[in-house]
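Asker: Got a structure for you, questions after.
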Amino acid sequence: MKFSILSLAVAGLVGLAKASVSPVHVDGRYFFYENGTRFFLKGIAYQPNVDDSDTEGTLFVDPLSDGDACSRDVPYFQELSVNAIRVYAVNASLDHSACMQAFQDAGIYVLSDLAQPYEAISSSDPTWTVDLFSRYTEVVDSLAPYDNMLGFIAGNEVIQNNTNTNAAAFVKAAVRDVKSYIKSSGYRQIPVGYSTNDEEVTRDPMAYYFDCGDDDDHVDFYGINIYEWCGDSDFVSSGYQERTEEFSNMTVPMIFSEFGCIEVRPRTFSEIVALFSDNMTDVWSGGIAYQYFESENEYGVVTVSGDSVSTLTDFPYLSSRYASVIPSASYESTMSATLTATMSCQATNSAWMAATSLPPTPSEAVCECMDSTRSCVINDDVSSDDYSDLFSYVCNEISCDGITANGTYPGQYGSYSYCDAKQQLDYVLDAYYSAKGDCDFSGSATLVSASSATGTCASYLSAAGSSATNAISLTADSNAVSRNSSASTMSTSYTSGSGSSNSSGSSSNSSSKSSSGASSYNLNMVITFLSVVIGGTAVLFI
């Protein structure tokens, strides 16, 4: 009889909570539910294989666009005791409501990367452009309205070793601008973070680089794709103790944004016991097991064929591990002394050469203004494949500092470094024409009647200076990256970055929201109870 009463109680609580999921926010170095209970991720990577797509020429499959598929997978997530998924690429133009609702009803939160395979900050030739900013904000717009949207990832393993640390400045600029966009758009303060590889030389300086500086610039959380624990390892020999000690001074939440070594099969996921133990939870807030779908890399825990799902050997191990761990309950109201902290940016060294001066916020209005006032421009029939030869020739003859983007310390960013390739080529061709009086380039360019710069456009050009190496301070509304924006009509509702510097430390509570505790006893009970049922952190006290 007691079991029957408990079953009814569970069903009632789950039914009551099904209609609403408590948004999760960041306060200092931890995630919290709205009621102040600490949140831990028991997650899994969720990105379908392109080979499984029915659409010819598909670059990636949006895992949040197929409501039937999401509903199909929810019971398996529940069997795994998963409370979060990570998706790596979404199509912002598609409808995500069915999937997000299915996951919300199941108490599952979503962590989404902002990039996609062919729209991302490059490791080898990093830039932060109008087009990339537009892509990232479109993803924000498509997912931010949902209460179970846990956070956005501005880059995944962009910095791979000490040879391309310059790329970090561009990722951090993306973090800054997406955070500003979320705020100016009136969304709740959804965290924006970065996910890195576990590279020995850059591991420490990279983490502190993304954590340091002004609240507006640094990440809200930091993830490491970590595969150090293989087979039946332990807290010490796996390297987990070292990693935990290394990051004990981080001021933002730390997660394993991927984990699950496959060197020993089957994977028993014994690292989960350590990750959610008191040895690690002071620093770490859970993680994302890699991965749900089986693929050629053999990390999956299920195979999918149409509506049919078959669990693989690793599935029950992951399920039992997640179900068995319940971290010690902790609350925002009792942790206030540990939440406020600052992180000053460190000096560069041979392992870390990223500039603390960040690229400016991309502005389409500035680019259109500049381009409309050029007299010597590239012909429309010239293929973009031929642009590189023209850039090479012109930039060997005159300075191209106005379009330069260099994230190596101390950082150098031309006024038009974020414009598209055609606009940048128009700029340097016109500069060459002004210096040498030639605008032919073997028939590739032509003279046109340039527009006169007036009003706001004139102020942009003046701020850039004759060499176009000055930062252009501007304000822009939340549609500053829209393809329909214009320099003459741009409104002024938020301040954009203009080659900002991260030289000073600051509080890391930019993404926090004040918690007033539980709004009622019943809501607090439901959220706390569900956190145990679906993989959260608290223990239900009655």
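Note that Cβ sites are derived from N, Cα and C of the backbone, with glycine treated the same way.
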Asker: Based on what Swiss-Prot records, which one of Cys230, Cys261, Cys345, Cys367 is disulphide-bonded to Cys419?
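Answerer: Disulfide partner per Swiss-Prot record: Cys367.
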Asker: Swiss-Prot has Asn156, Tyr290 binding (1,3-beta-D-glucosyl)n 1. Which one of Tyr76, Tyr88, Tyr222, Tyr387 is in the same site?
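Answerer: The record-listed residue among the candidates is Tyr88.
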Asker: Between Cys99, Cys212, work out which one Swiss-Prot annotates as bonded to Cys70 by a disulfide.
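Answerer: If we follow Swiss-Prot, the cysteine bonded to Cys70 turns out to be Cys99.
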Asker: Between Cys261, Cys345, Cys439, Cys457, work out which one Swiss-Prot annotates as bonded to Cys376 by a disulfide.
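Answerer: That record, Swiss-Prot, gives the partner as Cys439.
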Asker: Look at the disulfide-bonded residues Cys230, Cys345, Cys367, Cys400, Cys439 and tell me which residue has the greatest number of other C-beta atoms within 10 angstroms of its C-beta.
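Answerer: Checking each of Cys230, Cys345, Cys367, Cys400, Cys439, the winner is Cys367.
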Asker: Just how spread out is the (1,3-beta-D-glucosyl)n 2 site if you go by the largest Cα to Cα distance in Å among Glu157, Asp198, Arg203?
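Answerer: Comparing all Cα pairs, the maximum is 11 Å.
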Asker: Setting Tyr88, Asn156, Tyr290 aside, what same-chain residues sit with their Cβ within 8 Å of the center of the Cβ atoms that define the (1,3-beta-D-glucosyl)n 1 site, listed in sequence order?
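Answerer: Other same-chain residues near the (1,3-beta-D-glucosyl)n 1 site: Ala45, Gln47, Arg86, Asp113, Ser195, Asn225, Ser257, Glu258, Ile288, Gln291.
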Asker: Let me know the largest Cα to Cα distance in Å among the (1,3-beta-D-glucosyl)n 1-binding residues Tyr88, Asn156, Tyr290, as an integer.
Answerer: 14
Asker: Asn279 (N-linked glycosylation site) to Asp198 ((1,3-beta-D-glucosyl)n 2 binding site): how many Å between their Cα atoms?
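Answerer: Roughly 20 Å, rounded to the nearest whole number.
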Asker: Validating a neighbour-count step here. Other CB atoms within 10 A of the CB of Asn161 (N-linked glycosylation site): how many?
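Answerer: That number is 13.
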Asker: Whose Cβ lies within 8 Å of the mean position of the Cβ atoms of Glu157, Asp198, Arg203, the (1,3-beta-D-glucosyl)n 2 site, other than those residues?
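Answerer: Residues close to the (1,3-beta-D-glucosyl)n 2 site, other than Glu157, Asp198, Arg203: Thr196, Asn197, Glu199, Thr202, Met206, Ile224, Asn225, Ile226.
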